[in-house]
Every structure is written in structure tokens, then in C-alpha cells.
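S.K.: This is the feature table in TrEMBL:
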- 72-257: domain 'Aminopeptidase N-like N-terminal' (DOMAIN)
- 292-509: domain 'Peptidase M1 membrane alanine aminopeptidase' (DOMAIN)
- His364, His368, Glu387: Zn(2+) binding site (BINDING)
- Glu365: active site, proton acceptor (ACT_SITE)
- Tyr450: site 'Transition state stabilizer' (SITE)
- 590-903: domain 'ERAP1-like C-terminal' (DOMAIN)
Amino acid sequence: MLLLLGRRVTLSFVNRFTKSSPSSLSKPVFISSLLIKFRVAHSCFLVSTAVRNRGTMPERRPFVRLPTDVYPVNYGLCLKPDLIDFTFEGKLEALVEVTQATNQIVMNCADIDIITASFVPQGGEEINATGFNYQNEDEKVTLSFPSTLQKGSGTLKIDFVGELNDKMKGFYRSKYTTSAGEIRYAAVTQFEATDARRAFPCWDEPAIKATFDITLIVPKERVALSNMNVIERKPYPDDENLLEVKFATTPIMSTYLVAFVIGEYDFVESQSSDGVTVRVYTPVGKAEQGKFALEVATKTLPFYKEYFSVPYPLPKIDLIAIADFAAGAMENWGLVTYRETALLIDPKNSCSSSRQWVALVVGHELAHQWFGNLVTMEWWTHLWLNEGFASWIEYLCVDHCFPEYDIWTQFVSADYTRALDLDALDSSHPIEVNVGHPSEVDEIFDAISYSKGASVIRMLHNYIGDEDFRKGMNAYLLKFQHKNASTEDLWDCLEEASGKPIAAVMGSWTKQMGFPIIVVDQEQQGDNRILKISQKKFCASGPHNGEDCPSWMVPISICTSDDPTCTKLKVLLDRPEMTITLNSVSPEQWVKINPGTVGFYRIQYSSSMLQSLLPGVRDLSLQPVDRLGLQNDLFSLSRAGMISTVEVLKLMEAFVNEPNYTVWSDLSCNLGVLSSLLSHTDFHEEIQEFIRDLFTPIGMKLGWDSKPGEGHLDALLRGLVLGKLGKAGHKPTVEEARKRFKDHVEGKQVLPADLRSPVYLTMLKHGDSSTLETMLKLHKQADMQEEKNRIERVLGAISAPDLIQKVLTFALSDEVRPQDTVSVIGGVAGSSKQGRKAAWKFVKDNWEELYNRYQGGFLISRLVKLSVDGFAIDKMAAEVKSFFESHPAPSAERTVQQCCENILLNAAWLKRDADDIHHYLLQRKAPPV
């Protein structure tokens, strides 16, 4: 599953639907949807939000995994959704194995009412269940039988009913509008992590694998899809308007990867070079917008087949755009679901960043078809293995398909630095987290599992080398295909392939939270350079100085100015400190630790080493990724109070000749953090002037219009720079944006897609009520979700308090899809001091509605983070903590802790450095005496 991390979620019923009883689904019970008593399985778990020790998990409720005395072999599942009343009827016939005599069967079940249940032992008489005991908080049901179920095979039969909910999880309804303007609904699924149990009673744990025979009874004019290909489609005897659609038997698989979709779609189709049928399903009339994803998918499948040396095991793969979808995408085996914006590309109206995003998401989800689906983690503790690996290899895949994207440099800015920032907090967590209860699982779908996971795998790949890495991966996939595995199983395979101590090295990165700061000093001895390197835990509040300081086994690479792209020496730092001799390094040469910014750590150079590296920033002799890493390390050290922020501002001014998009992107992000921090002062305008001065030369060089020979990265850079200048109030940029916006709105000259975000942002930042009205009108007219999202993300830039309120009210209106409300509110909170206060008040005032909409999912964590992370006053941390103590949100509990910690860190940073920053910003403009 791919998240939007601000950036990256059983029984074989010998099918009853035979020719002799084709209509059995509708006959047993006619239940009005009004009579179905749906149970609320996600009741508020009252979990304490008290401050906890460093890195500990929040207090946990007791949890027991399902008993092993009965397990599924095959699920025969038939579902009949009602797209008008939003209910569904289901029949399950599961072939099960009883391993130990018992008179009860315990399964997962949530928001489902069981009508009848029975067990038929192989060759024996049917035994009707006499009781259904729902344990709602644990999302389980116990079926009781009047006599003992003996060891051996049998069939468990369950008739049940459920609700097509509007919570974007389980079996849910997704709203869309036809070309004629009629509102309709599709029935779709999202089961990861623990929501298959909302669609049918099952053993909903990743290690309890079975095969699935799925039948869907659907309106005949609707498309019906599932994991496998259709093997039979016939009229439904009881209703001429319905069709019975039967799908081929799946491979053995986990419940969270099962999927079905019923709706109206067009598609484009192709075949990969290795013979797999690939389809991309789009909203009706938008098939053209599926072609880019189709091209990526057909290139990606053969790439992974070759990389893993294991073929894709299903006959087809469908990629489908879902209107209402909480995550970015979900890797259901053979039927991958996506947000529209993560799959659809309009050749005329999609921007370059959207094309890149689609390529990455397609690469991520298709990697899971092997790593996650073919071999599945044994339990959610090992989730990082799925997500960290897919988040790493998506970049490898995109680099293969689109080398012009320079995607590995972007990885450092998008994933690596984000993970470092989060993992420096006391409220971080190890990559591997013991999870039990379903309410805990959503908490670990975060930047640690995804981005830190990807970063340590990138470091591991570099440490082992590509050839041995691939050899180990192939051994792992072959050994555990159609089974489950743990982190240690992968380490064993890689260790055998490489002969290196993988388990020992990687255990220090996955089982403890945090990372080291590598402190480096040097001394010249004749023709040799002597380096003294040491490690200690890096904390966002400064270096760890307590006792029992953790340590890591750190792969260290070193290069020199003789060849900045080539590693001169590699060592494994497996102790607190070490002395290294670099032979034949003359005094004038600089030495750089961590070339390529691959090792997952921060670096603190001695002042002489740092001074020698700075010319490499100005003259570009340092690689782009290393210019980025150097700046990012220093920025992080300044936030931690280890150096002055003024030193970082001085370094930033050295980037005046910088040509690289990703380096500018990281600079822009850090200046955004600083600008947000200084919005709490009375000299916010001075930092805007600094931003204008820094970005004006590159803005002048790029201009507004693309030039012949420019590519993908030029387009990204132009949009970034113009947006930064416009927001900071650069007059020529604001004036040109006004002119182009007017022409765009009047239809004289449509804005190129890559310029829309910066122009919209600039107009709103310096606009009034008529600007906002125009933007809302453009939003209403937009036929493409990408354009709607583009507008939604920048609406919060409006300045007037009454207009900020209007934007917040709009966020909860029917004009905004449920999953996008969060980014509208976040846009308000991130745009200004006034916006931050207004957004937080709005979240508090509307908490009941927001929590009801997103509870138990990761969107609630995202909402919390975006709303409060930017505060920089001590008392706000206490206010946020207090609010969530009285309004518990279990799946966001760790996020609340992290936000409170960030608020206190921001406040300390401001107190410590504000005066020095102010003085520097004033004196840099003072005329020379």
C-alpha cells in the first residue's frame, strides 16, 4: 500500500452456487436494510496519552491472535451488493481443516451480521451453529456448535449481511458523477491492514493463507473485477437485471490482498513482453488517461521478472482508478486499486510531477506483487519489510524506465531526509514494532516503515553490492513463495549470498529506533590523511549524552576531491570510535564522508573539514546529492541546537549557482520550515526577502516559458522556483502571474499544467475574495481530479481571516472528496500564522465529524500532523496533548506525541536563535561602512 506521507494498509466454501441452486443467495432471507443491526466494531478505545519513555509504544490493550485449531484451505465466497440501499448479502462456503477437536470456531468479523452458520464434516451430517458471540472490540466472532467438530476436513457455511460503508475501508461505496451529471456509486474494497473482516467473516491474519473462489452478483451494465480473470458470466435467475460473474481460483494468499470492484469503467489494454495481460481501468470517457500508467506497467513487470528471476504468477493484472480512496494505492494481487491522481495522466493537463508520481506509485504496487503478495510478512511487526522494500525498489524501477528523472537524487529529498527528521524524535519507534490489536496496526503505516525502511535497504544494497543482493533476493522469493516470512529470513538469504554479517549489521538498524551522528575530524600526516570518526545517537533536541547510549554497525564510505563520484575507502564502524588512514591524499584535497548520501546518519565535520567542502558547493564539484546532504545535515544540526541557524543561512547563500532541481527542492523545503518558524516573530518579512534574494537569479535564468531541449527536471524546477518567488512576494513574479492567470481564466491562453500550481498559489497568497471565488469556480468546472487537487492544496494561501474560514468550510463540503479534506485543512494550517490558528480551531470544533470520517485509518494521523505540527509555543503542546486526552484517537496516538514534541522543539529553536537570525538578516542588507 502506498500512503501520502506528506511526503509513500477464509474458508473454501465448496461453491453452493451450482446449477441446482443458482438463486440460493437471494432466497434464504429477505432483509430490509433498515432491519440490519450493524455493530460498531471501532468503538473508541480509551487509550492513555500520557507522556512516555523514549521510543516506547503507547500503552496497549491485550490482544490474542486467532486460535489455530481450525484453519481455511479455500474460501468459496459469493457477494451480492445493493448499490441503492448500500448493503450486501453474502454466502461463504469455506473448506477448512480442523486440527484439534473443538465445539467452536473463532474468526474475524466486523460490521457484519451472521444470519446462519453451519459445519459439514467431510462425509458427515451438517451441524448448525447454535450461537454467534461477537467480540466487537476485538473484531472477532465465536461460532458455537452443539457437538464437537472432529479433526479432519469440512465445510463451514455462513450466510451474512453487511453494509457498503462510506469509510473508505472494508467493502465500501465510492461516489462518482456520470457525464450526464447523475450521482452514482461503485462498490469497492480496501482490506489492508485488517478490514477484509468487514466484507466477509474470515481468518484475517496475513499468515493464514488460503485460495479464493469469488462470485459477484452485479447489475448487468456494471463492470465486475476481482483478483483473477473471469471464467463464467451468466444471467442471474432471480433477476434479469443482474449477472452472476465467477472468477478463477486464486493462488494461496492472505485475506488483506483480496479485492473486488463493481462499477462503470473504461479501460486500455496491452500485453507485457512476458505475456501478462495488463489493463488500466479509468472513469468512463477517460480511457486515454490510462495510457501512461499502462506504458509504465508493461515496462515494469518484465523489469521485476528479470530483477527477481521469478515470473509474475497470475495471468492478468488490472490497475483501476477509484474515486473515493484513502491511501495512494493498494497492491491487491492482480487488481491494484489507486486514487485517480495516482493513476490517471491527461497528456494536455497533467503536470510533470504528476507523471513522476504515477510512475513511482505503479512501480511501488507492482513490486508488491512479488514482495508482499507472493511472499508475505508473517505478522504486521514485519510490515516494514513489505513497505520499505517497495518504497526502495519503486525508485530502481523508475530509474530504469525514466533515467532522465534523476530519481535517486529525489529519493534523498523525498524519503531519506524525511525519515531522518522523524527518527530523530524521542517519540519515534524502531522499524520493527510489535503490534497486536487492530487499532495499533495503522500507527505503523508511517515514514519509519516506508521511508526509513527504504533508506536502510538502499544502504544495505550499497553495502552488499547489486549482484549479491539480487542473488539473495531470488533465494528468498523462491524459498518462501506462497508462504510467510520474517525480517530474519531475508537477512539469512542475503547473508548466504554475500558472505557478510547482514543480520548483525541490520539488526542495529531495525530493532532500535534512531540513528547515529558521525563526528569526523582530520589530521594530515605527510601524504596521508588521518580521520578520527566516532558515533553517538542523534536526537532532534541535540546529541544523546546519557548513559547506555545505543550504537550501530555503520557502513562508512569515503571519497575525496580527487574523484567525488568514486568511493576511495569503505569501512564498517562497529564500535563507538575509529581511526582511519587514507593514503595518498594531499593537503589541498577535501575529504567527504558518505558520498551519494547513502548511509542513514547525520555527519558533523570539524570546522576545517567543513570549510574545505564549501567551495565544492559553489563550484559544483560536489555531486548534487552530496550538496543536498551537506545542507540538510547542517539544517538539522541547527534545529538541534548544535550549530547556529545563521551558519546554515550563510551556507544557503553559497547555492546561488545551483542548477539541480532536487537540491533546490530540499533548500525550498527547509526555508519553508524556517519561514513557518519565523511567522511567530515580527520579522517574518525579512526571511521572505532572503528567500527572494536566493531564488531570484535562478528564476531569472529559467523564465516563465519552457525552452527547446528542456526536459522533465527543468519543468519541475521552474514550477518550484516561480511558486517560491510568488509566495514570497517577488513583485515581477506576482505581476506576471496575475497577467497569465487573467488570460487563463478568460480562455485567451491556457496555463501549461506545470505552471498552474505556482500561479494559483501566487494569486491566492496576494488575492482577495474575488480571487477565491474565481478559484472555487475553476475547481467546480474541473473535470480532472488532478486539477481539483491542485486547487485544493493551495486554497489555504488566502490571507483574510473571513476567507480562511470560507476555505475551511469548503473543506468539509460535498465539493471536496472525503480523502482530500485533509489536504485542504493542511493547506490552511501550513500557509500562515493566522491559518494555523484557524485550522486548529476548525479541527477541534469539527472533531466529531472528522473523527467519524477517518477513525481507525491513517488519514486521522495525517490530519493531526498537518493541523498542529507548525506551532512553536510551549503552551500549544500542552493544549494539543490535553485535547487528545479528552478526545482519544488511538491510531493517531503516536502522531500526537510526535507533534507535541515538534512544537516544543520549535519553541526552543525560536528562543535560542531568533535574535541571531534577525540580526543576520538585517546586517546582510546594511550598506558597508
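Each residue, glycine too, has its Cβ placed from N, Cα and C.
Owing to the predicted nature of the structure, the values given are computational and were not obtained by experimental measurement.
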S.K.: Note down the number of other Cβ atoms within 10 Å of the Cβ of His368 (Zn(2+) binding site), including every protein chain shown.
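M.R.: For His368 (Zn(2+) binding site), the 10 Å Cβ neighbour count is 26.
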S.K.: Which residues, in sequence order, are found in the same chain with Cβ within 8 Å of the centroid defined by the Cβ atoms of His364, His368, Glu387 at the Zn(2+) site, excluding those residues themselves?
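M.R.: Along the chain, the qualifying residues are Met1, Leu2, Glu331, Glu365, Ala367, Phe371, Gly372, Asn386, Phe389, Ala390, Ser391, Glu394.
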S.K.: Run through the Cβ atoms and count how many others sit within 10 Å of the one on Glu387 (Zn(2+) binding site).
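M.R.: Around Glu387 (Zn(2+) binding site), other Cβ atoms within 10 Å: 29.
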S.K.: Compute the C-alpha separation of Tyr450 (site 'Transition state stabilizer') from Glu387 (Zn(2+) binding site), stating it in Å without decimals.
M.R.: 5
S.K.: Note the mean pLDDT of the domain 'Aminopeptidase N-like N-terminal' (72-257), expressed as a whole number.
M.R.: 96
S.K.: Using a 10 Å cut-off, grab the number of neighbouring Cβ atoms around the Cβ of His364 (Zn(2+) binding site), all chains included.
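M.R.: 30, counting other Cβ atoms within 10 Å of His364 (Zn(2+) binding site).
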S.K.: Long-range neighbours only, meaning 6 or more apart in sequence with Cβ under 8 Å: which ones does Glu365 (active site, proton acceptor) have?
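M.R.: For Glu365 (active site, proton acceptor), the qualifying residues are Leu2, Leu319, Ala329, Met330, Glu331, Val336, Tyr338, Ala390.
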S.K.: Relative to the Cβ position of Tyr450 (site 'Transition state stabilizer'), how many further Cβ atoms are located within 10 Å?
M.R.: 29
